Amino acid sequence: MPEQQTETGSGRHPRLTARIHHPQRARRPRHPGPALSDALTFAIAFIVVTIGIWVRHGGWDTIVAGSWAEAWESAGALTGLLATAVALIGIALAARTHRFERAIGLDRALLWHRWMGETAALLLAIHIITTLVAYSSREGLAAAISELTGEEQYMALATVGALGMLLITVISLGFIRRHLAYETWYYIHLLIYASLALAFAHEIFLGTDFAFDPLARAFWIAVTAFVLCLVLVSRWGRAIRSIVRPLTVLAVTPLNDVAATVELGGRNVTDLRAAAGQFALLRPLTRKLVWQPHPYSISAAPTVDRIRFTIKALGGASEMMTHLPVGTKVAVEGPYGTKIYEQLRGRKLLLIAGGVGIAPVRSLMEDFGPDAEPVVIYRARRAAEIVHYDELVALADTRNGRIIPVVGRTSDLADGNPFDPDVMQALVPDVAERIAVVCGSQPMIHAAFQCLRACGMAPADIHFERIWW
Ligand SMILES: Cc1cc2nc3c(=O)[nH]c(=O)nc-3n(C[C@H](O)[C@H](O)[C@H](O)COP(=O)(O)OP(=O)(O)OC[C@H]3O[C@@H](n4cnc5c(N)ncnc54)[C@H](O)[C@@H]3O)c2cc1C
């Protein structure tokens, strides 16, 4: 059992040594290319063209020189167009295209996806209010509501679509979302596709921007179709491919009372092009779990026919995953995760893990040689929670590294909180020269980030997974 803040670097795990020198490592992921700048250019161009369409149809002139009601209506038209444009960009961000995801990471893509969703909801609210103000200033509130919600069939469909978006916005509010199971929220939020489809006809056939301008209409339909194809091929295609070509559970090995390693194998492992430090969505093809893909980090560098995950039972699904029978089929979607290997190469590493956050750290260590001199700060509340200790020691031993377990509640730590800058400097004197990867709970990531900044580390040198669910 590791002692609190004991540095170590001895001992070797025979099975691990075989893995480290495995001659047939899985292929490395492809290089992502300049996906971020391409995507940003597309998004900005789309917004500019959208505003351009509105200006071309006299939107700006109406605001400046039109009557009060016309100005409100024109503002409503612009915010309606922008709400749809921003929603389409948000959907494209969640499409998980390989190049884009590898360039910026799924966490950032889904975070931006959420911001786009919030912005679209705000623009939609402004669109509804401004349009209602415009109509009611002409014919009164009751008549305006009636005309905008039901008199015209496309408006009735758009009203149902707007209600769908309202529902998604409400369930996504932090204090409501906290009370919902992840799956409940996730499947309800997919209503966005239906909502946009219902709103589509009123944009195309009723709005002045598309009804009388075939070029603008063709452009709008083309962009919508492009985003739809992106989602179908990339997002849903990826999920379907993983289900059609699942891996098989080869072994489930308990590590302690709550955690186990799950080893998956099969001919398709090499097609995943997975690398250490990445994660994948695991969807066991069993009656209870088939609707629940959960993210888990690769905990040992994949070989050509085997990939390993380390799973801690936190809730219902993860508990079941730690008891999967050998032979169970598991759809593995991904892998996801940025090109971290390229960013870390050539630098000395500081790897900070909390609890089961050790899984990606453990696999990452395999990818680096002695020049990385990895220092691993392994934070756990109880000694019994520490997993893969022998493997970590063996890896550190061959890489001029050190493992520093820090066990216990923060208030009980005899040698001080490792996320106190003075304690960190004492533990890792060259901390400012290193590049850090932090994996664990959000409070721990926050504490580690503040500490590393105070120790002089640049923000770009501190890598961590942002919360995205
Ligand atoms: C990038 C990433 C890598 C991870 N790697 C590991 C790992 O290597 N080992 C490990 O044990 N755990 C890992 N986790 C955490 C693991 O995904 C959750 O513990 C698991 O999804 C919990 O599901 P549950 O139904 O058992 O528990 P619940 O009680 O349903 O959920 C517990 C927590 O997990 C979140 N969660 C539930 N389902 C999902 C989902 N499908 N996607 C995202 N979050 C969800 C919930 O919001 C909640 O905060 C990782 C999470 C992320 C985001």
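Each Cβ is built from the backbone N, Cα and C atoms, and glycine gets one as well.
Caution: TrEMBL annotation is automatic and unverified by curators.
Summarising the annotation, TrEMBL assigns region 'Disordered' to 1-32.
Marked as compositional bias 'Basic residues' by TrEMBL: 12-31.
TrEMBL lists 35-55 (among others) with the feature transmembrane segment.
Sequence annotations record features per position, and here TrEMBL assigns transmembrane segment to 75-95 (among others).
Cβ atoms under 8 Å from those of the transmembrane segment (115-135) belong to residues 69-73, 75-76, 79-80, 82-84, 86-87, 89-90, 93, 141, 143-145, 147-148, 162, 165-166, 168-169, 172, 192 of the same chain, restricted to positions at least 6 beyond its ends. Look at TrEMBL and you will find 115-135 (among others) tagged as transmembrane segment.
For 155-176 (among others), the entry in TrEMBL reads transmembrane segment. Using a Cβ-Cβ cut-off under 8 Å and counting only residues 6 or more beyond its ends in the same chain, the transmembrane segment (155-176) has close neighbours at 114, 117-118, 120-121, 124, 128, 147-149, 185, 188-189, 191-192, 194-199, 201-202, 206.
Positions annotated as transmembrane segment by TrEMBL: 185-206 (among others).
According to TrEMBL, the feature transmembrane segment maps to 218-237 (among others).
Looking only at the domain 'FAD-binding FR-type' (242-342), the predicted model's pLDDT averages out at 91. The domain 'FAD-binding FR-type' annotation in TrEMBL covers 242-342.
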Among 35-55, 75-95, 185-206, the most Cβ pairs under 8 Å with the transmembrane segment (218-237) come from 75-95
Long-range CB partners for the transmembrane segment (185-206) (under 8 A, at least six residues beyond its ends), listed in sequence order, are 80-81, 84, 87-88, 91, 117, 152, 154-155, 157-158, 160-162, 164-165, 167-168, 171-172, 177, 217, 220-221, 224, 291
